[in-house]
Each structure stands twice: as C-alpha cells, then as structure tokens.
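What Swiss-Prot records for 62-311 is domain 'Radical SAM core', and it gives sequence analysis as the kind of evidence. The feature [4Fe-4S] cluster 1 binding site is assigned by Swiss-Prot to CYS76, CYS80, CYS83, with similarity to another entry given as support. Per Swiss-Prot, S-adenosyl-L-methionine binding site is recorded for TYR82, GLY130, THR182, ILE234. The [4Fe-4S] cluster 2 binding site annotation in Swiss-Prot covers CYS307, CYS310.
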Amino acid sequence: MSAPIISLESLTNTTSSGQLLTTAKSGGCASSSCGSSSRPTDMDSATWEKIKDHPCFSEEAHHYFARMHVAVAPACNIQCNYCNRKYDCANESRPGVVSEKLTPDQALRKVVAVANEVPQLSVLGIAGPGDACYDWNKTRATFERVASEIPDIKLCISTNGLALPEHVDKLAEMNVSHVTITINMVDPAVGEKIYPWIFYGHRRYTGVDAAKILHEQQMLGLEMLTARGILTKINSVMIPGVNDLHLIEVNKWVKERGAFLHNVMPLISDPAHGTSFGLTGQRGPNALELKALHDRLEGGAKLMRHCRQCRADAVGLLGTDRGQEFTLDHVPLEPHYDGAKRQAYREVVARIRDDHLEAKEKAIATVASANIRGSLQVAVATKGGGRINEHFGHAKEFQVYEASQTGIKFVGHRKVEPYCHGGWGEDAALAGIIAALDGIDIVLCARIGDCPKERLMEAGIRATDTYGYDYIEAAISALHATEFGTAPSQATA
C-alpha cells in the first residue's frame, strides 16, 4: 500500500517550517523504509550522497529539488557560434541570458532571500552569463560568502573548460562538488566550425589552433576533476551537420576520462536571439533527431535527458523558472537566513521519495517482464513530485517517457506555450502543442477539457486524465498493460 498523496505544491506554499512538517506528518508514510536514502541499487552510497538532492545530476532528484544560478561572471574567454550573451533580458529562456548582473554581495543577498522562500533549494550554481572560471575572482568571492552563510548548500559551476585547469585545486578546497564542462568536440577540425576565437595566455587564437588549445584544456580539466573526486557533467550542443555524429566520439572520450553524466542538448537557433548560427540559418535538431542520437549513445557515458537549458539566473525546479520573482528590486536589502523551512522540506521529501521509488521500480519491472515488442511514447503534464499533477491547459512543458521491453525510461521533454490563458483555450497554442508532441502516442495529465482532447485525437494523439495524481511510472505501467493486454502494475495514488 502506498503513502497517501502529499502535495509538494501545498507544502512549499505554507508559511512556516512548523506548518510544513505538520502537513507532512498528517499524510503519514506507509513505506517501511520511510526516511531512508532511496538509493538506487546500481549506485554506490558515496555517489548517491553527492547527487541525491542535485536536480541536474539526478533525474530522480529533479522531481523534488531546486537550483538557482547567480549571474556574477559576465566575462568570457571564448566565442561560440550558438551564444549571444544578454545582461538585461527577461523574455528569453536560454543559457547566457540574465535580467541583471550581480556583485558577490548582491548574489549573497539574493541567495539568502531565495533560500528563505524556496525550501526546495539545494544547489547554487554559477553558469555565467560568461564563464565562471575565467571570471574567477567573482566566482570565488560569491562561493566563499554563500558557504559561510548557508554551509549545507551544494556549490556548482558551469564552464567552457578553457581556464578550468588553473582553478581545479581551489574548487576542491572550496568543496565545489559538481562541475559542468561544455564540450562540443574532440576534433579541432570540428571545433573551428563552432568557435570563431578563444582568448588564452593573454592573446587571441582563431581557427584550428583555437579549437586545439580548447580541446586540450577541456580534457586536462576533466581528468583533474576526476582525480579529485569532483563529479562532472559534460554538456554538448547537438548541431545538425556540424557535430551531431561527432558527439558519439565525444561521448567515448569523456567516459574514458571519468565523466559522470553526458548531457546532449539541442541547438537553440532562433534568429531573434542574435547568435551567429541563428542569423546564418543553422537549424537545430527536432525532438525525434535528438532522441535518435540519445539512443545511439546508450551504453556509453550515462546520459542526462532532463536538462532545461536554463538561463544564467534561473531559480526553482527544472522547468519552472521563478527568477523574475527574485530580481534585486524584489528581495530584502538585508535578509537573514532561516534554514528551518528548508530542513523541514527535506524531512518531507524523505517521507515520500521512498514510496515513489518503490512504485517506480515495481512499474519498470512489470513493463520489462511483459516482454512486449511494441513501445509507447507517453507525454506527462507534471508539477513535480513524480506525479501526474498538472492540468493540460496549464502545462509549459511535457515530460516524455518511453515504455518498452527494457521497462520505463525518461527520454526528454517538450516545451510548449500553455493552452489556457485567462480561463480560455487558445487555438494557436494548441496547434503548437500538437506540433511539439510529434511522435507521442498518449498524453497523461491531471485534467483536460473535451475540446483539446478531441483536437489531439484528430492529430493521432490520445489524452487522458484517468491517472491524474498517480505516480508517473505506475500510471504508465497500468496504461501499458491496458494497451497490450498484460497484467498491470497497480497505479498508486
């Protein structure tokens, strides 16, 4: 028997840690291992301790925990053809974009304010809008201030890797536990198509020479991080016709050098963003092309499939950016940190994630044991917590799962414009949603109206709210059983 539903949304909307814990305890916990680590059986305990509350390094954790980025590092030492940094932009959702640059003191003020209001917060990252290692003094000063005030928060940086080797020892000394390196090539001939120039050793390099230096520094930095036990995630931008097939080789190289995760992301090439690739017509991959590459990389370095390509000032759960709520004009001038609400939230999560893991593993095993050749591509509307708990019309993205002979796995997400605006459905938005759901067999959501349901059906996509508020994997297992006539894994409520 599973635990009664505890709504994470209602918990995080409470005003005090006491209310949060009272709500959690009223829900109870039926799992015999309530409060344990929920560690996957295929992972050692030391690694699990590092990732269990890091939403970017753990697909399971991203259902429960939030990250925030502080824009303290605007300077950059390379130019990428897919990047155009903007420092006062509120309406673009992509890396390299922020609403405002921060000093280390302003960053501390903002982090404390967010930690007091967002109990899911577990990670502070510096991801630009330039490069965290090149703009090192600001990165270091920010981490030192935050670690002194909120010692339990995980510290994380994202870097292009060019200046990484000279700072690895200091990163280890400051207990920076996770580092992301963007590596798009291991062949300089490919790299020169992506990077017009780099700035290294007080001079500018171009062409193959630039790409060769960048490659060597990236590999050295990765090896140094691995040797010091710092977990690394490799980000790669999939650029059709430039490096798409080459990323298979990149995956091999980074796995050999100890990368924990490889995150292959689609190129964002909207001309309105002003990037070189966008302005010259270089297209990004569609969702099916990205999935095909992900499938080819199975068996190599472990893949991250839940990346949202966040802004450099993102705040909140992945897929739910609350950054505009916490610009400097919205946060107190001198906030005082109170960790009680964050601690209470962690106790809540400990009560429910074991139940989720038990249901998830049972569902995956049930689908795999059915040994059915067919597969289902399922899009899910969710607010987090591992449940189908979002109204179709309110969804800003759909998480995509595949049920097949190997079980159930998360394979990506599709961003959309919400169908409902002010209580009314928008036909243009629905057309965009249907296009975004290309290749999907069925949509699972908490609620859906007859009109969008019928329009989806006309496009060959079924939708149902039958499994509303069930755990995602358990619902997919039950759905799979219905589709293929096998014994179901009972969906949990």
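Glycine residues also receive a Cβ, built from the backbone N, Cα and C atoms like all the rest.
When the CA atoms are compared, the binding-site residues lying within 10 A of GLY130 (S-adenosyl-L-methionine binding site) are CYS76, out of the candidates CYS76, CYS80, CYS310.
When secondary structure is read from DSSP and collapsed to three states, CYS83 ([4Fe-4S] cluster 1 binding site) falls in the coil class. Taken over all pairs of the listed S-adenosyl-L-methionine-binding residues (TYR82, GLY130, THR182, ILE234), the Cα spread reaches a maximum of 17 Å, rounded to the nearest whole number.
Listed in chain order, the extra residues whose Cβ falls within 8 Å of the Cβ center of the [4Fe-4S] cluster 1 site residues CYS76, CYS80, CYS83 are ILE78, GLN79, TYR82, ASN84, ARG85, GLY96, GLY130, ASN160.
Secondary structure at CYS307 ([4Fe-4S] cluster 2 binding site), taken from DSSP and collapsed to helix, strand or coil, is coil. Cα distances from ILE234 (S-adenosyl-L-methionine binding site) to the binding-site residues CYS76, CYS80, CYS83, CYS307, CYS310 are smallest for CYS307. Neighbour counts were taken at the CB atom with a 10 A radius for the binding-site residues CYS80, CYS83, CYS307; the maximum falls on CYS83. Separation of the C-alpha atoms of CYS83 ([4Fe-4S] cluster 1 binding site) and THR182 (S-adenosyl-L-methionine binding site): 12 Å, rounded to the nearest whole number. Per Cα geometry, THR182 is the residue among the binding-site residues CYS76, TYR82, THR182 nearest to CYS307 ([4Fe-4S] cluster 2 binding site).
Comparing CYS76 ([4Fe-4S] cluster 1 binding site) with THR182 (S-adenosyl-L-methionine binding site), their Cα atoms are 13 Å apart once rounded. Across the structure, THR182 (S-adenosyl-L-methionine binding site) and CYS80 ([4Fe-4S] cluster 1 binding site) place their CA atoms 11 angstrom apart. A mean pLDDT of 94 is what the model gives for the domain 'Radical SAM core' (62-311).
Rounded to a whole number, the C-alpha distance linking CYS80 ([4Fe-4S] cluster 1 binding site) with CYS310 ([4Fe-4S] cluster 2 binding site) is 17 angstrom.
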